[in-house]
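Some features that Swiss-Prot has for this protein:
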type	residues	note
BINDING	605, 606, 607, 608, 609, 610, 611, 612	ATP binding site
COMPBIAS	21-37	compositional bias 'Basic and acidic residues'
COMPBIAS	44-154	compositional bias 'Basic and acidic residues'
COMPBIAS	156-176	compositional bias 'Polar residues'
COMPBIAS	177-186	compositional bias 'Basic and acidic residues'
COMPBIAS	232-248	compositional bias 'Low complexity'
COMPBIAS	455-469	compositional bias 'Basic and acidic residues'
COMPBIAS	967-980	compositional bias 'Basic and acidic residues'
COMPBIAS	997-1011	compositional bias 'Basic and acidic residues'
COMPBIAS	1025-1036	compositional bias 'Basic and acidic residues'
DOMAIN	592-770	domain 'Helicase ATP-binding'
DOMAIN	797-945	domain 'Helicase C-terminal'
REGION	1-201	region 'Disordered'
REGION	224-248	region 'Disordered'
REGION	452-484	region 'Disordered'
REGION	952-1011	region 'Disordered'
REGION	1025-1056	region 'Disordered'
MOTIF	561-589	motif 'Q motif'
């Protein structure tokens, strides 16, 4: 016998090289003269399986030792042949591994103590015969090792094929309903008796009573033969084969252990098992009787007769119903894979089942291969009729098992009508179709698809089947089946809704009414002694001296006059002193007491008046009074700004105070990496300075777990007028709605138009409004100059101003404002050519570049900065002396903030504005600012303002306030619409279903407008002899309706109108034949190619891309070839808004002529299609085009 690959036998003593040569010679001899014995050459694990089983069954010592030596185990070290040898196991095994060869008979040595070694073939034959007798008994199943069972199992891929293959059988008589009912009652009675027996055993029933019970059971069994005991090593008794073939049915108590212990150890040549079906007239489900009957027919099966099912299946150690449970599991899998059955699920109470009737469904996955092997054995042999009969018996047995379980579980009191959908019997069982095999993964997925419950999870096919088959009894489902999520996942609408919700960046809403929040202290104001004795007259005089402070509200504190009266802590006062702030500014004098008292404040003050310190110092006192921020707590104070530059500036201003008070401040704004800001927030921060967009991103990030506003009690909106503009208002309100209601809100700005008041008041409670120097007023320290000039003279004047500025002092800064990003870069290039060191900043630049540019400008690295209006708010540069508005601002607030970049903190500055004659809309705001600040208005500017007001009154122009807009939500919708149009344009074949059907409303409106325009441009098809009146009537017909014009001679007279129309037609026909063309006459081709029918399509007012689509040679040639018509472009092109005058050529149109109405209609419809597609493409291109083709806003 060939040495096994995993043999652990020691190598013989001697030289390794010599041994290698001997082995090589031995291989040669084996190949040359070795006998051919395929059975012995086979390395199938069957031999080892039965050796292991024999060893377990307790064979005598001689056989056990011989088997062990045949295994070449490590125990053979004690043999004389291997004494003194050294092991070279690794090298020997690696060399012999994978070689299934035979030893030559002439080289067989007497080195083994096993006398039966030479007679292995005979012994193998006897063992094979004994295996047939042993297989199927209780001990053969229970004592088989698990690894042997794993080796015997077939591959999972062949399971379905084996189950579908028919087997031999003999015809049997079907059971009647009465017999089935009686059988079920007997089984139920047997189960109850078994439970009673089990309880009796637990109560320590005497052994005598047990033996008596066993004797009674044996008498009732009438000599039925069962398998031998589990631990009996004795051979099968020959008397067992002579038992009666058809014993009486077993009606007593059914105890498998007792039967197995007291039965005679008999074995039939045909493997049997309790619970198998007898092919005679034995009823399904009578295990003992069936086993006895099959055992009685063992000799016939051994002699070659194929009238018996080959059911060589082991008996489970957990009960005698293991086989039926396995078959039942297979049937359930077939139910899951069927297409015609619908299984309803419902929750039921799980019963307390006996061990023998326990459902093995949870372990079905472990026994799938074994069950498939059993069904294959049943359907293995016999004629076609036998296999069909075997299929029927298996089906009945599965139905019986299911009915039995339903009776035992008592799901419902009513009878169960569950039908098991089994596979039909193959018509040609010998030729199996491999393609019909069900893949295991497909079967598993098919089973999962049926777990969905409810009406929403049913497909159309399931609904039709349900109507066809009627109501089907529900089936229980358990907690492991997750039906809800699977049903939601299969709904495409829910997927789209979930995707859109995820993309929307929603902030998690917080219901503060259900939270137990710690109370906060907002009132820290204690009125100083010096202010308490001040009278009302003195107070009014003081406020007038302080730049005319105006306040509105109730119980307003009196303004302070020095830092010591503000109630600030010592570290804050020390920091103020170190920064060189001698005394508070007017806005600080009045705002600090009001904010310290816990009131909501609206502060309006001129630019450069110290508004940042007015809300920052009370904020520090507010934060220090509360508990420290720990864990997942959010910030206590939140400051929101409209621009990134202002955000960084406030962050820099707070750093000295935060360092002194050991507070953490985080600046969160767009353009920088969000991961760094998230990391800082995770470490904890008491103060956040942010822009609204980035703050929403942080609040919505990771489901709201990055940061939150639960502890935010101090909110500041700097430049509040722009924050509450319609561009920011939706985002700001979304943030306010997630802050606790008892917050303190502070709003500051240099300009506060009345249009914003309504928005600010809805987020404030009993606010105090403080105005210093008036609303939207330029500081008096700023000298304002307005010059009206042409566009070409601006640059020379700019060079002149810069030359005058830097001629006296080099260490000054100048800021130039322009309207557009392109203009900023162009002006930067021109100034660099003239030798001026400058830099530019606008929204198209990267945020890092913007930050570095501002820093270099403040340090004096570049003295000149060119910027758009993003630098108009909050930018504070100490040495900024000159502000030039190269492009005039279009509203008052923008002018005030631009001019306010100079003349800050009491310093002086100059603001120069260039305005052209065409910018009359800007003249009104600039003139108003000059008047409010007490400076003279130039005469030319005043004339422009008056002219603009007259245009507004006449309705020729519309005055704009500089505020309003549709907000970022409108921008998001526009981007989404453009993206969907791009997807439709570039989608591949088969992707039609991926596009949203509910396109944005703008697309629908655009299509409708295009359709209406085309309809108005298309004329009806008329004949050459049709009248003008008739043509006009056809123009009145709704678009798309193509009607044929008919000759006047073909019309039927139907009254006075018809006669009049006929007369007009004849007159027009005579005029046309005479060649007398009249203005507006639709047909103007009198050449030889003129057709009997014609139509016109006006294309003058359509976009250029649409006109090109219907006039280029390629498209026209295709239409001519397809229709055989004549297509001519007529008329002249007129720009939008212009109309052709009397006697001029009409607008550009296309004339289509043909011999028949059909060809003209076909050509007209094709041209209409091209015109529509061109119009839509032009609209899409226009919407996709960025506002500036050079930069991308990040």
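Counting starts with 1 at the first residue shown.
Cβ from N, Cα, C; glycine included.
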I need the neighbours of the ATP site defined by 605, 606, 607, 608, 609, 610, 611, 612. Which other residues of that chain put their C-beta within 8 angstroms of the C-beta centroid, in sequence order?
585, 587, 750, 904
Can you tell which of 608, 610 has the most other C-beta atoms within 10 Å, given these are the binding-site residues?
608
Please compute the mean pLDDT of the model over the domain 'Helicase C-terminal' (797-945).
90
Near residue 612 (ATP binding site), which residues of its own chain have a C-beta under 8 A away, given they sit six or more steps off in sequence?
650, 653, 718
Neighbour tally for residue 606 (ATP binding site), based on other Cβ positions within 10 Å of its Cβ:
28
Helix-strand-coil residue split for the compositional bias 'Basic and acidic residues' (177-186), DSSP-based:
10 helix, 0 strand, 0 coil
Could you tell me how many residues in the motif 'Q motif' (561-589) are helical, how many are strand and how many are coil under DSSP?
17 helix, 0 strand, 12 coil
Could you tell me how many residues in the domain 'Helicase C-terminal' (797-945) are helical, how many are strand and how many are coil under DSSP?
69 helix, 26 strand, 54 coil
